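Encoded as structure tokens, the structure appears first; notes follow it.
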Amino acid sequence: DNLSEALKKLKITSTDSTADSLEGCLDCLLQALAQNNMETSEKIQKSGVLQVFASLLTPQSSCTAKVANIIAEVARNEFMRNPCVDAGLIPPLVQLLNCKDQEVLLQTGRALGNICYDSHEGRNAVDHAGGAHIVVDHLRSLCSKTDPASEKLLTVFCGMLMNYSNENDTLQSQLINMGVIPTLVKLLGIHCQNAALTEMCLVAFGNLAELESSKEQFAYTNIAEELVKLFKKQIEHDKKEMIFEVLAPLAENDVIKLQLVEAGLVECLLEIVQKTVDSDKEDDIAELKTASDLMVLLLLGDESMQKLFEGGKGNVFQRVLSWIPSNSHQLQLAGALAIANFARNDGNCIHMVDNGIVQKLMDLLDRHVEDGNVTVQHAALSALRNLAIPVVNKAKMLSAGVAEAVLKFLRSEMPPVQFKLLGTLRMLIDAQAEAAEQLGKNVKLVERLVEWCEAKDHAGVMGESNRLLSALIRHSKSKDVIRTIVQSGGIKHLVTMATSEHVIMQNEALVALALIAALELVTAEKDLENAQLVQILHRLLSDDRSAPEIKYNSMVLICALIGSEPLQKEVQSMAFLEVISKLRSHENKTVAQQASLTEQRLAVES
């Protein structure tokens, strides 16, 4: 009854009433909202009083703070936010941000923040009225004040900006362009003792850190130092989690990665791993995952990775090594990924192979042949693939039995594992004739490759299978390998590979096909004919867009194919001479020379 009375009175007397009678009505509303916010808000909306509030929001009135407080309270309900915008409350509220009264500023900030919460209309209205600009200016001028009233105001303003820009790239960019990031970082440093304000800053950072443009700004502040300092003080899991949520997107930036390493984040992460590794508490398991994932992320930057590698003698590198034999799948995964990241330059790879890392990775793979943890398999294979890149490592890894360890996963049905397995074998046999021959004669392997060459749903697996087939021939130059591939039906895939959109793959296919034609033409003749190789070569030579090396290798292949009667007939029937005589004047000398040679061969044969 009192509420209905107060609402009626407000409507009638708002224009000419005394401050006292207004105050009484407003107090009644606040009391009712404190008792039952939702029901009271519904009554306020139905009564049409919201429109009246717009006229009461004036800097001169002594009731202004109470009116703003009521708006802040009703806007806690989702259904009230649009009505507040429609009642025209945003422009007068934004005007009030220019007043000096702290209580008015506090309640106005709350009202605007609540109206913006999850409300597209609310944010737009605040944007049009220019509210964000004024709030950012307030943050700047209040930033260094540490009295309780100022800190309360700073917390509300941070919260308001957070609600204003949440999940809205345009408004986030707008705040970044206003230069809010350095101000927030400064805030965090000065007010690190104030839990509520710190929390607001962290959520605001989390909002902004996803945008690329923000990372460049963050990189010019001491955010890394401040976050690590704050992180070291945290005991509660939730607080650590909040900081992690800011660190992860920021750590995607290479400059910030290095700053975080220099600020001592790695030591914090290693400590967390040590504390949580044997725990089965849910929070600890989550923390272990986040800390080890973040560690791997820091190693993705070249500078930060080298700093932590310290020539392979670094404490961090040694600790990461100890994760690999651990019983925690999460740590095994992070350890293998970290090694894959350390293995991004030849020097590191050579050092690691000389210091026994390969055996550790093979032991890890062995543990996952049966229980098949796909992420660990994938990570360990990634590490082995990277380690196999330097020439000096290949023979060492082959004699350590890496190829055999990798082949155990041939039966895997998981495309990511198949992809890494293929890449590892391809790296291992590069220029290793003996190993290429041994693998190329492995019927099970070749049959699986031919099967994967048809994996249309997984372009990566399909491409790698083709490349490995070609590599087995190119590096072994073995008749036995070619025969195995012919018997397994691999020829048609190599011919298709010659039409790939990637020049490197086209070229690998043509070189392999030229070796087949030179060493085992009779065996492969039928398959080459069925795969329409001659037509494809005609197309490659006629196409102006074909790279010079493609034209050159296509002609070498033609010269080899005319040793077969049926293929020679095809070549003659397709007017190759015409295409090749044009290539005699090709700008690339090697192509032009090969065109002359090919033309002579074709003329002799015909």
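Backbone N, Cα and C atoms are what each Cβ position is placed from, and that goes for glycine too.
According to TrEMBL, the protein carries these features:
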REPEAT    88-130  repeat 'ARM'
REPEAT    356-388  repeat 'ARM'
Overall pLDDT of the repeat 'ARM' (356-388), taken as the mean: 92
For the repeat 'ARM' (356-388), the number of residues DSSP places in helix, strand and coil: 25 helix, 0 strand, 8 coil
Folded-back contacts onto the repeat 'ARM' (88-130), same chain, C-beta under 8 angstroms, at least six residues removed: 50-51, 53-54, 57-59, 64-66, 68-69, 71-72, 75-76, 78, 81-82, 138, 149, 152-153, 156-157, 159-160, 162-166, 168, 171, 174
Summary of DSSP states over the repeat 'ARM' (88-130), given as helix, strand and coil counts: 32 helix, 0 strand, 11 coil
